[in-house]
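The structure appears below as structure tokens.
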Amino acid sequence: MEKAILIRFGDLVLKGKNKPKFIGQIKKNIRSKLKNVNVEYTFQHDRIYVHFNEVDSDEVIKQLGYVSGIHSFSYIYKTTKDIESIAQLAKEVIQKEVKLPTTFKIETKRTDKNYPLKSLEISQKVASLVLPSFDGLKVEVRNPETVLDIELRSEGTYIYVGKIPALGGFPIGLGGKGLVMLSGGIDSPVAAHLMMKQGIDVELFHFESTPLTPLESVQKVIEIAKKLAYYTPYNKIKLHLVPFTKIHEAILSYVADPYIITIMRRMFYRLGEIYANQHGLDTLINGESVGQVASQTLSSIKVIENVTSIPILRPVITYDKNDIINISKKIDTYDISILPFNDCCSIYVPRNPVTKPTIDQALKEESRFEFKELLEDALKNVQTMIITPTTDFEIALHGFDVKDALSSYTQE
């Protein structure tokens, strides 16, 4: 029997006149993800059939699981429109795909309106031919454990059992570009993933304070980027490493203890906005969730984002921590994020961080040191890596800080 994968689109059905553009982008992204697998495609309106060798089945499903814009997919089998042929294929599919005993229902969709039988009649006829062959099948119309779907179309009949959930959302490439302020923690990788799922093409922006912080903290971010790269159409993602050490030292030296995190994050936002504007990125993205820490109260968020005018997206802003953790486990970043290596946000935590900062006091704290030249110097020395899922780079083996390590690595 002829086997393929049926791909169904997700939120694309909502896009009206823009729908062809979105479908074109998702076709492009699917082709890119499956370029190393021997497959063929059949494109029909709002669905895609992927034809493949059985030996590649697991790899095809794995790669499709990384493509945003797909709502679900199913293993699907094709035959003619002859009732006897449909019933015979249904038996073979049940033997192959269904675990018995189970309650059972056949649902038919008939798009070929010239076919002599109506949808319900097709279901009844096929059921009468199939059920005698299986002792473990019991008809249950209202709430069956198993549904056998029959789609009778002009070119033939398709049969499948069940749907494999996919990412949903929109295809990357049509939603603009964003700069993710990526720490080594749990939240920001999830924020990056959620934005990618919604079609945003992201780059990663990490503030590193080596040697104040260990190189292992940067290694964490590299490993997280490798996981996120799976969800891009071309299996690669840009990671920008921003040298924050001098700014960090100045903040620790001059800023009052309760305001250290507030001022540090204001510097993050300034750097992110300048870099985004210089490189054609439309928005900043972060992993802030209201009230989780002192710097994420509404008062703190208001004061911190006061230094920017660029849009700031916070996809996990209302998520519970457990919800964020569950997503991080699903995208395989959780075990990396909890590794015990401090970054610049966690290396020094004030005893009593301010939870209701004011803009006036923040400006007063910033007036204690000259930070503009420090920001300019940091931006001039950003180190950019192109990360893929197979990037093999142990940063601690190449130097004592990021600049030395990357310089040594590129010379090898």
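Every residue number used here counts from 1 along the chain in the order it is shown.
Placement of Cβ uses the backbone N, Cα and C atoms for every residue, glycine included.
According to Swiss-Prot, the ATP binding site annotation covers Met181, Leu182, His206, Phe207, Arg265, Gly287, Gln296. The domain 'THUMP' feature in Swiss-Prot is assigned to 58-163; the stated evidence is sequence analysis.
Sequence-distant contacts of Gly287 (ATP binding site), defined by Cβ-Cβ distance under 8 angstroms and a gap of at least six in the same chain, are Met181, Ser183, Gly185, Ile186, Asp187, Ser188, Pro189, Val190, Ala191, Arg314, Val316, Ile324. Burial estimate for the binding-site residues (Met181, Leu182): highest at Leu182, by number of other CB atoms within 10 Å.
Taken together, the residues of the domain 'THUMP' (58-163) have an average pLDDT of 95. Annotation: His206 carries the greatest number of neighbouring Cβ atoms among the binding-site residues His206, Arg265 [cut-off 10 Å, Cβ to Cβ]. Considering only the residues assigned to ATP binding, Met181, Leu182, His206, Phe207, Arg265, Gly287, Gln296, the longest pairwise Cα distance works out to 19 Å. Within 10 Å of the C-beta of Gln296 (ATP binding site) we count 21 further C-beta atoms, all protein chains included. The DSSP breakdown of the domain 'THUMP' (58-163) into helical (H, G, I), extended (E, B) and coil residues amounts to 37 helix, 36 strand, 33 coil.
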